[in-house]
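Trainee: After the structure tokens below, expect a handful of questions from me.
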Amino acid sequence: MENYNQTSTDFILLGLFPQSRIGLFVFTLIFLIFLMALIGNLSMILLIFLDIHLHTPMYFLLSQLSLIDLNYISTIVPKMVYDFLYGNKSISFTGCGIQSFFFLTLAVAEGLLLTSMAYDRYVAICFPLHYPIRISKRVCVMMITGSWMISSINSCAHTVYALCIPYCKSRAINHFFCDVPAMLTLACTDTWVYESTVFLSSTIFLVLPFTGIACSYGRVLLAVYRMHSAEGRKKAYSTCSTHLTVVSFYYAPFAYTYVRPRSLRSPTEDKILAVFYTILTPMLNPIIYSLRNKEVMGALTQVIQKIFSVKM
């Protein structure tokens, strides 16, 4: 067992990019993805805010998803870019705690928000006459507020524990951000009790919401199958397939990473999987929701036409 480090409290993030041409290529690719995510999510938020036809619970939830994704990727990538450009892979003890807190908060909030969006589609398709009551503005705000509060409390508990455990002399985190499970490998104490709480937390905030989402869309698909209108059936299938694509792309790598015991995990595999839910998903969400949505594309076309008409 290693000795405690009494002189330095900084961590070292080993990162994702090797110092080679391949590393430069991966860095450039991720930086471009980051820019696309910023532009896409900001555009989605502004579009929903500006177009009065999109002022509905469904699009309000979608704007919150874009807001979460915008902050989510901004919590991770700027530090990666700085480390690669300046060759400084260190992160302060406090900085690591802050990054971990925001990552966990945004990750859980997105999962809960996706569950709310699934419930919204379930009510809209299965109980259309009850929709204004079940998904009122007040209910919508409560779901969003609840998602943020629950995720913040959960994140605070995990981050405080991670910052309070004693760490060994080696402070090199084999990851590209301060991921709590990766930090636990550096601990100079037995963390099996905490690892059990991580498994429990992952089950509560990953497996249970995904089960709820699957049940909601199962009911939706059954209701859609019974529809007489071909146009309505096509629109409902399009909406559901869009949401299921987002959910699967987000939950699958996340659950596979956090629900597995440490003995079955590898740092390289964890880093690759983390790219999906921290970098790719925030970039893909606005693209998937806009390209498969006639209302969003129509609103985007109107905004572009207004901009060009003003310039003319």
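Yeah, the Cβs are placed from backbone N, Cα and C, and that goes for glycine too.
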Trainee: According to Swiss-Prot, do His158 and Ser263 sit on the same side of the membrane?
Mentor: yes
Trainee: Report the DSSP secondary-structure composition of the topological domain 'Extracellular' (158-194) as helix, strand and coil residue counts.
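Mentor: Once the DSSP states are binned, the topological domain 'Extracellular' (158-194) shows 15 helix, 5 strand, 17 coil.
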Trainee: Give residue numbers and ranges for long-range contacts of the transmembrane segment (272-291): same chain, 6 or more residues beyond its ends, CB-CB under 8 A.
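Mentor: Distant contacts of the transmembrane segment (272-291): 16, 30, 33-34, 36-37, 40-41, 43-44, 62, 65-66, 69-70, 72-73, 76-77, 103, 107, 175-177, 179, 242, 245-246, 249-250, 253-254, 256-257, 297, 300.
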Trainee: Among all chains shown, work out which of the disulfide-bonded residues Cys96, Cys188 has the most CB atoms within 10 A of its CB.
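Mentor: Sorting the candidates by Cβ neighbours within 10 Å, the top entry is Cys96.
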Trainee: Using C-alpha atoms only, work out the spacing between Asn88 (N-linked glycosylation site) and Cys96 (disulfide bond) and round it to an integer in Å.
Mentor: 14
Trainee: Is the count of Cβ pairs under 8 Å between the transmembrane segment (195-218) and the transmembrane segment (57-78), pairs 6 or more apart in sequence, 3 or more?
Mentor: no
Trainee: For the topological domain 'Cytoplasmic' (219-235), provide the mean pLDDT of the predicted model.
Mentor: 78
Trainee: Would you count the other C-beta atoms found within 10 angstroms of the C-beta of Asn88 (N-linked glycosylation site) for me?
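Mentor: Taking every protein chain into account, the count is 11.
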